[in-house]
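Working notes, structure below.
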Amino acid sequence: MADDRKDIDEVSGVETTGHEWDGIKELNNPLPRWWLWTFYATIVWTIGYTILYPAWPGITGATAGVLGWSSRGQLAQEMEAAKAEQSVYIDRIAQTDITEIPTDPELVQFAVAGGSSAFKVYCVQCHGSGAQGGEGYPNLNDDEWIWGGTLEEIAWTIRHGVRHEPDFDTRFNEMPAYGRDQILDSGQIADVAWYVRQLSGQEYDAEAAARGAETFEIECSACHGVDGEGIPELGGPALNDAIWLYGGSHAEIVAQINNPQMGVMPAWGERLGETTVKQLAVYVHQLGGGQ
């Protein structure tokens, strides 16, 4: 017959599991009552969860749950709620002339926030995350504007782009390739480059710059201004400051005169819509250099 006698530990008076190793026995203490009830509660909760929510995987999908809840559905509801909350301001921006937005602090705050978000998606690839630009890509933090820095002018540039040929209203100009097309010889180009450095307050060859000034007046002043101040209406950059799109060394200026680089900016109006264009314009305008 089996021995059914319980093995009781003499010291603690607790029943052992019957296991013993090198004189050490394992006590068979029961689980704390609170722990046991908590465990049972989790079982009940789990069963309830699998009934109410999507849980059990199948061949074509998981069980839907009696509540019909899904994370996609919840996201859609939250997005609709956010759109409804924003629609008040979006409608106001759509109906307000862009020049009047700065007079409404609430609209400005909303426009800057929305413009900042749109900028991070569509603009940072060229203008940088801080709008600092780079070689060939304008810095939007300063007060140098190739095509004008008022709200209306910035919005137009965003809406129609620069040299974006599919858009009839795009900003467009072309600088002649004075060297490639043999309009000027290499000596004249070098002289003009020295004069441009003089205009921008850099070191220059005085004798060459004097010769370059005459050529500049004939060939360049129509777009860049008599004193190199720039003509935004024509997209002619200012040359009398230290801001350079393609570099300000003598060699870089010579290269630009000889065979100019001319960037292209997409027209965003059709893709983003007028409200987002306004928000972007307000955001860029307040970065520090808006006119």
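Here the Cβ of each residue, glycine as well, is placed from N, Cα and C on the backbone.
In TrEMBL, annotation is done automatically, which means it is predicted and not curated.
Binding site for heme c 2 per TrEMBL: C220, C223, H224, plus M175 from the candidate set M79, M175. Summary of the site annotation: TrEMBL records heme c 1 binding at C123, C126, H127. Screening the candidates M262, M265 against this entry identifies M265 as the one listed for that site.
Counting every protein chain shown, 22 other Cβ atoms lie within 10 Å of the Cβ of C220 (heme c 2 binding site). Within the chain carrying the transmembrane segment (34-56), a Cβ under 8 angstroms from the stretch's Cβ atoms is held by residues 62-67, 69-70, all 6 or more beyond its ends. Other Cβ atoms within 10 Å of the Cβ of M265 (heme c 1 binding site) number 20 in total over all chains. Sequence-distant neighbours of M175 (heme c 2 binding site) (same chain, six or more apart, CB under 8 Å from its CB) are C223, Q256, P260, M262, listed in sequence order. A Cα-Cα distance of 24 Å separates C126 (heme c 1 binding site) from H224 (heme c 2 binding site).
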